[in-house]
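Listed features, source TrEMBL:
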- B:Cys48-B:Cys58: disulfide bond (DISULFID)
- B:Cys87-B:Cys103: disulfide bond (DISULFID)
- B:140-238: domain 'Fibronectin type-III' (DOMAIN)
- B:1-19: signal peptide (SIGNAL)
- B:243-264: transmembrane segment (TRANSMEM)
Amino acid sequence: MANRRTYGPNREDPVRGSADTAMEFPRLLALLLIVLEWTRPGLPSPLRPICDLRVLNHFIKEARDAEVAMKSCREGCSLSESVTVPQTTVDLDVWEKKNALEQAQEVQTGLWLLQQALSLLRTSVSNTELHSHIDTSIRNLLSINAVLRSLNIQEYTPPASAVGLEGTWRASSATDLLQVHVNFLRGKVHLLLSNAQACQQDVS
Amino acid sequence: MTCDHLSRLLALFVIFCAARTGSVVQGARDFEKKASMLLKEEPKNPKCFAEGRKDFTCFWEEDEERAGSVDQYSFTYTYQNENSSRCPLRVVPAAGGKRLFICHLNRTQMFVEMDVQVHREGMLIHNRSLFVELVFFLDPPGNVTVSGTGQQGQLNVSWVPPPLKYMEDSMMYEVIYAPEDQHPGQVEVAQASSELILRGLQSGTKYKVQVRVKLDGMSYNGYWSAWSDPVFMETLPAEFDPLILSLTLIISFILILLCLTMLLSHQSICSRFRFLIKKIWPTIPTPDGKFQGLFTVYGGDFQEWLGQTSGGLWLTPALVYSEERPSPLEVLSELSLCPSLSSPPLPPKASKALSAVRKEDVKNGLDEREVLERGDSARTDGWRPPPHDHWLMDRLRELHRHQASLLESQDAYVTLSTSNQGENGHADDNFEEALPLEVLFASRKTVSCESHSDLGSVQQSSGSGRLSSQSSFEYPHQAWTAKGPLYTYMAVADSGVSMDYSPMSRVDDIGKVVFYAHDYKNEIPAHRRPLLSRQYPVHDEG
């Protein structure tokens, strides 16, 4: 009842009581805090870099399992059309000459290509066991993207189309595709992660 | 001047050449070692391995006779999605009349499949598909150092990994260690680290340690390298654990204290020793010693034996003091014995049951009961007339004196006094003296001749005989006065048994009867004796 305004004798402007003026300050403060909360800069806290290579080793193992499963598949495991896959070749001299950005770009392009290819394989293949393997592989590729993000490697903007990209091959069979998948993870992705700048700082 | 320059140049050149050949020779030796190892390990042909980031070598073996010249062979390799290339070959003689054909590449591509084909005069002899990063064959780790950690049974092994960039995290190591002269050694694995602590080693022994390396097989793979040169190191000598030493000292100190207190607190060490021995290993007394010839000659027939022996046996209990503590149980009664007694119904059974129940007093119990049984059997067989009672008293006194001198401890004397009011009216000096260790409970055998046998059974249903026993505690070490001819005296030298002389005519009763199991330790202090006497419910007043 402290907010009750008392009206003056002539019913003119209401006279504000002493309690009202006392409550002004807390109200303003509350309003200020709410506004500040809304307008808080929305930058996420920096991710902790994932430098443990056992994560990647786990993905490599699962990719190998998928390759083995595909080799033993007889029916319903063929690729409907040929896909573009990244080249897995690594010449260490050539690789070392590239700077970190180029290496990251190469890896991210390859990951994107593999995602496209595996999605296509998922629709082509009718074997349910292979479905689980392919789903795992696609999930792992997305996880690798998250790992790269944690290493402060900038986001990758995929090209408009995969046709005509440099450093690519064509894979026409499912086994080739999965073999490329394994070799890519073992090679370029492993090299990139093991030499990531964010991890080097931790070590040194 | 020019000669000097020239000579200097010549010297430099010679040194340079020597160094080069030295390295070449060393390289060749290394290759020979690796080749010989691979020839055993790898079944496929050609054998290929990568030594570093770029070096790649393939070779195969041919017999001397069947091998052609180098020109006949061609080595082609093809990377995936690329054109094939040729590799120049060279020949090296090997042991056992063989030749090695070697191809060496300086640049390789990894993570891509490589097809290798060997043709001899157009014909394909070897074909292989491999990944370069999966056939690493590294040199053993260098600078292997073994040092102590400062703790017992531990050694610290450290090494330098092979200088391969990007691959140090993918390397795994095996450390083999053994005492110098032992084979085989124990193996420890270390992953992606360049030192290892060996634990659980013997103290003060010289150990031989070797290390080898291999890539872990995830991204890269290969063969195990050769073992590094052995390094020897001795572990710390065994030191005496201070904790064990202190505990040993304390325990031995306590034991010595115990021994000393035991020895010093008693006057006679011998008797203490004998007492201990008796407690730990009690001797089970046998009657053989007291009854010469009873068991050997007469086969236990007491009557026969009685007939053959005379009163000379009187002397035996007094004179014979064997190792075993004698428990002479004498009941001397002047009352007549009832001749027509039925066979003692219970003592054997009861005593056996008793002994079963009272295991801790078996020794003395058996002793007593044996004597008592004999007494029983003797009773039934008839008696000879006892001598005069004054002789009896003399005898008793002498025995008592003798016993008192022999048994310096305070033994319990239970005296059973009876007053016979039976019709028998025989002289109280009916007494069998020829058997000093017999128990003659003549008083119990009244007219009715109740055969509730347990000896010393005080509570009788007949009630015509009265047995009262008094504990010797009431006569503590004083002159044990003979109470007169009316009394039956039972002198019991008891070193631990306590008998509840209650009717145990039936085996069932045994469970219901309360046993007083207090031990007569010889060191019962004087002031406690009256207490003990209360536990003796052996009075039967009627």
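Easy rule for this one: first residue shown is 1, then count along the chain.
Quick reminder: no glycine exception, Cβ is built from N, Cα and C everywhere.
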DSSP helix/strand/coil residue counts for the domain 'Fibronectin type-III' (B:140-238): 3 helix, 48 strand, 48 coil
Count of other CB atoms lying within 10 Å of the CB belonging to B:Cys58 (disulfide bond): 26
Least buried by Cβ count (within 10 Å) of the disulfide-bonded residues B:Cys48, B:Cys87, B:Cys103: B:Cys87
Euclidean distance between Cα atoms of B:Cys58 (disulfide bond) and B:Cys103 (disulfide bond), Å: 5
Rounded to the nearest Å - Cα separation of B:Cys87 (disulfide bond) and B:Cys58 (disulfide bond): 10
